[in-house]
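I have placed the structure first, in the form of structure tokens, so that the comments after it can refer back to it.
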Amino acid sequence: MSLENFGNFLTLDEKHSFIKKYFKEFYTKDFKLFASKDKHYRTRAELSFYHENDTLFYAMFDPKNKKKYIIKYLDFADEKICTFMPKLLEYLRQDNKLKEKLFGVEFLTTKQELSVTLLYHKNIEDIKSNLENLSNILHINLIARSKGKKLIFKTENLRQTLNIQGRKIFYEFNNDCFIQPNTTINEKMITWVCEILNTQKRMDLLELYCGYGNFTLALAPFFFKVLATEISKSNINFALKNCELNNTTNIHFARLSSEELSLAIKKEREFFRLKDIRLDDFNFSHVLVDPPRAGLDKSVIDLIKKYENIIYISCNPITLKENLKELSLTHRVEEFALFDQFVNTPHLECGVFLSKV
């Protein structure tokens with residue numbers, strides 16, 4: 001979440017100064033700061049197209065007036081995206097069928113791979129052969145979308161490898177998954193959690209909002225058992241696949257919302273999706289939450305504050321502060337980290353470790 005409502009904070013030092021004051025009622029020790037490289041740090045980019053005089057340009061929307069402006073280069077985007085952008089544009093300009101009613105493009109990269117999604121205001125079945133030629137000639141994983149339709153050429157799944165404390169963690173996901181869009185910062189974030197766990201007495205882990213297992217796979221070796229929940233069926237399927245890729249056998253996934261899990265743990269409701277999982281077999285010493293911008297609702301806070309240790313990854317300092325007002329009644333902030341996920345913007349990712357008072 002942007003800090004622009006509080007001031008024009010762009011550098012990590014400026015963000016740090018603001019956060020230090022903003023959270024002073026909860027934390028007065030030193031913050032850990034994790035910087036990103038200044039350029040080519042972002043693995044996802046979404047662009048519009050501008051059509052003029054029968055040719056095509058990449059474009060973005062000005063957030064102030066909502067008007068399109070032409071762009072030629074994205075210095076924040078991964079090098080693979082920057083290298084491929086002119087190749088794709090040149091190809092599209094030469095194919096009238098591909099160019100017609102094309103309104104957007106999404107790029108997604110990992111350390112190894114790149115996928116491209118083209119967005120159309122027309123029936124993409126009519127240009128299927130053109131799209132296939134594009135994929136083959138430019139050697140690219142291609143997805144095309146229009147209303148109610150989706151075509152995939154080669155594959156929509158990407159492989160990723162993260163280096164965490166000398167270990168390689170393998171992942172597979174696609175463009176529909178929520179991903180941390182700065183791989184370097186993602187590795188630093190996971191490593192920060194691992195370094196904290198190295199000093200802890202650990203039993204089992206409860207993780208909410210696990211996605212495709214970004215944190216789950218890296219943290220599993222620290223615990224006897226892990227229960228990870230996620231509402232997206234496709235994310236759960238990727239998480240199960242990622243367990244296979246890493247030969248990990250101590251993670252149990254449940255397709256439940258955090259509110260449903262709360263009801264199940266309190267034995268207020270039974271869920272068929274938990275038929276193979278005995279909640280009473282878990283002894284949670286730690287809980288990890290990585291919620292959306294809205295933060296945690298009261299039912300989730302009431303659930304997690306029962307546990308000894310809480311790791312809270314936040315993309316919104318505003319809702320984080322609101323949640324800490326509740327959590328600080330039972331827990332104390334022991335560590336606070338700032339991750340400069342989006343360089344030279346007012347956005348900031350926070351990591352907080354709390355232990356029971």
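Here the Cβ of each residue, glycine as well, is placed from N, Cα and C on the backbone.
Residues or ranges marked as active site, nucleophile in Swiss-Prot: CYS315.
The active site, proton acceptor annotation in Swiss-Prot covers GLU349, and the record cites sequence analysis as its basis. Secondary structure from DSSP puts GLU349 (active site, proton acceptor) in a beta strand.
In sequence order, TYR171, ILE179, GLN180, ASN186, ILE190 make up the list of same-chain residues 6 or more apart from ASN214 (S-adenosyl-L-methionine binding site) whose Cβ falls under 8 Å from its Cβ. ASN214 (S-adenosyl-L-methionine binding site) carries neither a helix nor a strand DSSP state and counts as coil. Residues or ranges marked as S-adenosyl-L-methionine binding site in Swiss-Prot: GLN180, TYR209, ASN214, GLU230, ASP290.
Residues GLN180, TYR209, ASN214, GLU230, ASP290, recorded as contacting S-adenosyl-L-methionine, have a largest CA-CA distance of 16 Å. Each residue contributes its Cα atom, and for GLU349 (active site, proton acceptor) and TYR209 (S-adenosyl-L-methionine binding site) those atoms are 16 Å apart. Within 8 Å of the centroid of the Cβ atoms of GLN180, TYR209, ASN214, GLU230, ASP290, where the record puts S-adenosyl-L-methionine, the same chain has further Cβ atoms from PHE178, CYS210, GLY211, TYR212, PHE215, ILE313.
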